[in-house]
């Protein structure tokens, strides 16, 4: 009966067919419709009270709502058709067009609202479906490399580890996005929700407490009644407030439930998740139950990131708000000193490599050292407090003590041999005036370091508060101390310096002018202009002057551990021990080292090189005795031992014992460079017929010079 009453305006189409009655009395038709609706209002209230919530919640009762929405449009099209037929039968169309135009406007507005509402929930469905497809794609990639395959053939595949990690992170991100979608749906369902306390134990609610969640009104009419959702939202909606509007005949009857569009969208998304992932999510579950494992993993990753950050808690044990900033700086400097202790040795070694040309280092200012200022106007000034300059001196003295502890052996050698390392070695042909100038400069430079020199003379090196100025060092000596001396067959190799390298020329005059000596020892005497510095330079180049003549070998080479390196007294004692015992025991070496102020390594190396030179000398002596007669040998050795001398110097050759009692001793005054002396050739050219007939020593000397040059090149490249 209600449906007939609701469709009473539609049944009036029979009156419209008459044409005249419908056109002449339109007001009477509208009046009759209003009377019929007013009479059915009490009946609608009774029907509203009889609505109960369905027992079987969760069932979708609006499966065909989308398809039935077109029936309403067809009814409107019928109205349009009826309007056209009535206008064709009657000549006046003014009364027919008046009530039809508002219906067209309402139809356009309903289309726009219908499109927006359906788009909102349809976009949610599409979004969830897209995210699930993305998850399936990434999961298939992981499973493709996780499976072993037929006969474990898939184990041989190259696994893209980075790609698999990216896939896992993408799956986690997709799960979090789905959780956000369900959270959005739950927020939509919470709008306009009826309080659960208004429902009784049977699930019924009074009609006075029901209101529309869209418009908020509790008024209901016959064709626009309020219907409750049987989902999880517990909300009510007017039939016309829904999008699309719900017709009365589409309302499910009996125990069949009805779902609002939001609950319908939620249950569709839940069905997709349950189908693809095998989960068991219901419509009454909240969004927190959707992929809870993904949320836990995300929280763990956030906590791990938070653990790496320093704490901002002011209750830390090492925090003292009353501590002044100066003490904090002092603690930082102490901690930095401990870290720098390990690298002090390397810093000291870098300091040793400084040259004399480098300017002295400028002391740091007080501000650079982060020390408190001593201004009396400062608030933190304490005249009775400790002096900061003394602390700096103590700190620098500790650094210097570390430096001196690494170079104790070096300082002992300086105290034994004097200050020979201050000035560079001089050439034998240098002028006397130049040597005096260099000696004066050395004295002036050494006078600036009087405190340090006195300490070195005493054999004790005390720390100094200021920076030490770098002196010229003998790097070859330092290299030999660190890596040991390389034994060679010639004294020129051991006594080599960077200023007396031989110059090789192609012509005979260049060979005559070559400064490469033949190994004899030179002593300058009866010359009043010769200074003590010249003797020291010749002493450092050609060996010890005080050594006995009998200590020379047949080839005139000083192949011991750098003659004059330890001083004449130490060398004399070492030679005496070597004559008595060439192979001393370890205890004897230790006693010698303790007695002479040397290290065990230096003493051991000296004996090794001395034995090697003795073996080489004996082997060469045997070769020369076999090939040459005694007379030729004496003349040849004497010629090979005589070096090139500067003009005006007197040369005295040492007595060389080769064949029993045969000795040669003579004096010669060297003339201009390239002149020949009787019995000897300065440039290496032949003089007498014996040497013309026996060119063996000259060839041997050339080969020896060539070997020396090759060895020097190797040492230069090795450094």
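Any Cβ shown, glycine's included, is placed from N, Cα and C.
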Listed range which Swiss-Prot flags as region 'Disordered', given the options 261-299, 612-650: 612-650
Where Swiss-Prot places DNA-binding region among the ranges 199-258, 559-618: 559-618
Per-state residue totals over the DNA-binding region (559-618) - DSSP helix, strand, coil: 43 helix, 0 strand, 17 coil
